[in-house]
Each structure stands twice: as C-alpha cells, then as structure tokens.
Amino acid sequence: MTIYALSTGPGISGIAIVRVSGKDTKKVIKLLTNAALPETRVATLRKINKINTSELIDEGIILWFPGPESYTGEDMAEFHIHGSKAVIDALHHSISKIKNCRLADPGEFTKLAFQNGKINLLKAESIADLISAETEIQRQQAIKIMNGKSADKFNNLREKLLKILSHVEAKIDFPDEDLPEDILKNIKKISNEVILNIKKILDDQKVGERIREGFKIAIIGPTNAGKSSLLNHLSNRDVAIVSEIAGTTRDVIETHLNIDGYPVVVSDTAGIRDSKNEIEKKGIKLALDKADNADLKLIVIDAKSIDFKGVLKELMDENAILVINKSDLLNKDLNSEIKNYEHVLISVKNNLNLEDLISKIKNKLKNKFITSEDILITRARHRQHLEQSLNCLKNFEEKNEAEDFDKAAEDLRLATRHLGMIVGKVDVEEILGSIFNDFCIGK
C-alpha cells in the first residue's frame, strides 16, 4: 500500500506538508498534477487538481524523492500546500480515491524507515523524543542519541559478544578439538569487559529517563498549608483550586514546567491529616505514594501552626526541602530541630522569598541532572535489556568451563540478543507498536 498523511501540525498555518510514500507515489503525483514527475529533490511549483478533474485544489511546491534514497527508503513525495483545513481535506480526499492509497498510521513513515534499514531503533525513538521535546536539555539529549553514539556503543558490545560466541560454538561443533589456551583466556577477558561496560552504563542514576520524562516534584503537607497556591505560583496560572476550606484537594494535580531548561512534573497532593472520609483517605495515600516516588519533595507547612512530626518528619531527607509558608505571620523563632533541615521561609500570598525557593529547586535539579556523554539510556526498555544481558553474562561466566559450553553458549546468545533488541538488530516486532504509536500521524 501507498500511505499519505499531514506531516505538519494540525490547524491553520501558512504552509502544510502532506507526505506520500509507497510504490504508487509516482502515480499520485501524475494524477494530481496532470504532469510529468518533477526533477528529483528539486522544489517544483505545480497546480494540484482534484483527482480525474481539472478543478484546482491549490498551487504548491512538490518534492519527489525516489527510493531507496528517501526518508522511508521507498518512493516518496511531499506536497507543500497552503495550510487551511479545506485545502488539506481536499488533497487528502483526492489521494484517498487513488487505488492502493490509504491514510498512514501514527509513526508509520518512521516505522518504514526502520524496517527498510534507513535508521535503527534508537534513532527512531530519538526522533519521537525530539518531536516531543519541551526543554533545551530534552532537545540536547534527543540529538545526542540521534547522532548515533548510543547505537555505536551497544553495537560494539554486541559485536564483542558475537566474537566470543563464535569461539564457544566452534568448541561445541568440534568437541574433540581443544580450544587454544589464549582463546579461552580471551573469552573470559572479553565477557568480563562487557560486564564492566554494562554495569557502568547502568550506573547513571536514571538521568536519561528523568530528562525524557521530567523531574518529579511532589508538593506535600498538611491541609491548608498553601500547597495549591504554591503550585499555581510555580505554574504562573490557576492549576489548582485554592480555598480556605481544608481538604479541597482530594486527587493529585499535575502540571509540566520548564525550569531553566529542565523538564519538571509538579504534583499537588491531598493534605495530610487524620480523616475518616474514605475518599480523602485514598487521596492521602496517593499523596504519600507520590512523595515516595518523587525526585524532590516540597514539604509545605503553615508558619502559624508549625506541626512537623509523624509522617512529614519521616519524609525529610536529602531529596526534600521544608517550605514554611505564611512566614509573614510567624511570631517566634524556628526551633533548632527545624533549622537543621534544608528549609525556606516563604509567603505565597505576599510573594515573599519565592525566588529563594525556586533557586533551591534549581540547585536540586542541577545536582540530579548532572549529565555526561556517558548517559546512554533514555527509556525503561533500554535498561531492562541491559539488565537481562548482564544477568545472562553472569550466568555465562559461572558456566565458563569446557564441560558446560552447551549451556554457556545459550546464555551468551541471550546476552547478545538483548543487546541487539536495544538497537533493533534482532526481531523486535513485539515492541514496534508501542514505540511508533507514540508518534503523530505523518511522522
């Protein structure tokens, strides 16, 4: 089938781009323009007509990319037209009337590029990450992965395992032949090197995933401490309802922020207190779960009635900031215990010391987001395959004696397969759907 879709964002725009890919792309161009194919990769102005008529849809630029030298590896074209809904719909309708043409699924153009060997799986994922990047650090990470450094590293490790696997399988195929001592030593040396490399890659504090998904901040504290007001201030908009009535927030309210280029997901949670209301109790449990899974906790308490004990005190650690709100109403010094914790006195209502709090948050972000060229993991599936590969290699080393070569070879094959799954070197059909469904239609 030949596929087509709008590749630019929906809505009114000066220019819209409709992509077409497949063996009937030539026919689509000829039928819509009533003219010969444009020169390869040369922007050509053409009148675009409704199918089988001379009624003009629009006048626009056509680009023709013969396969395999195209994004998808197939014959491909782009129609650059005026970006009104009526023009786009008319062009889509005309293409749909051509035999063997259908609307593309989400991410199908990039899926074709992967299947036709134009890109590896890591690059496909990095394209999706670049499209959805909201902050500078997310853009930088997506570009780094797109440039192939991660793929090169994983491919290099896989090739090392393939090399020693060939020696192990040679021993299995020719059991009467003894492997030279230097080859046996080399097998152990290389497998140990790969193990150390994988351990180093995994020891990254999950920075890559944090950058991609966002640094998680949970605002937690007793009722009416000003948690929702703080969320609204950080967001510069009214995200949460603010009320004098205690227990207004029952569910978790999340908002995505960009703080100095760092992606952040801030969660406002239900107030912590003893409650007999079943719905409120569930909200409090959600709040504590968010706190447990957060990268940073903002523990907000009311300066008028400082109640810092029990659960809230237990939550204080190196990943927490004690935020004492309504500090303009504080009529006594803080006790020495509270002063020992990292804290800040603020008043959301009077805009007091909020910049100090934001500065502390930024410092926490910078410490969490210490990036380096060694960050290679950006998704949970990368980490899972590396961990599984590592476990297989450990099993391999335990069996790395001549009499166990049959079993050892299987461990080595599995370790190699898991590394291949990361870049798509082996059959990965079962994960393609989850990856490419995250794309927009037209990409």
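Note that Cβ sites are derived from N, Cα and C of the backbone, with glycine treated the same way.
In this view, ARG19 ((6S)-5-formyl-5,6,7,8-tetrahydrofolate binding site) is surrounded by 24 other Cβ atoms within 10 Å of its Cβ, with every protein chain counted. If you look up Swiss-Prot, you'll see ARG19, GLU78, LYS118, LYS443 marked as (6S)-5-formyl-5,6,7,8-tetrahydrofolate binding site.
According to Swiss-Prot, the feature K(+) binding site maps to ASN224, SER243, ILE245, THR248. In the three-state DSSP scheme, ASN224 (K(+) binding site) is classed as coil.
Sequence annotations record features per position, and here Swiss-Prot assigns GTP binding site to 224-229, 243-249, 268-271. Other Cβ atoms within 10 Å of the Cβ of SER228 (Mg(2+) binding site) number 24 in total over all chains.
According to Swiss-Prot, the feature Mg(2+) binding site maps to SER228, THR249.
Summarising the annotation, Swiss-Prot assigns domain 'TrmE-type G' to 214-366.
Averaged across the domain 'TrmE-type G' (214-366), the predicted model reaches a pLDDT of 81. Contacts of LYS118 ((6S)-5-formyl-5,6,7,8-tetrahydrofolate binding site) defined by a Cβ separation under 8 A and a same-chain sequence distance of 6+ are given as PRO68, TYR71, THR72, GLY73, in order along the sequence.
If you compare Cα positions, ASN224 (K(+) binding site) sits closest to ALA270 out of the binding-site residues ARG19, GLU78, ALA270. If you take the Cα of GLU78 ((6S)-5-formyl-5,6,7,8-tetrahydrofolate binding site) and the Cα of SER228 (Mg(2+) binding site), they are about 48 angstrom apart, rounded to a whole number.
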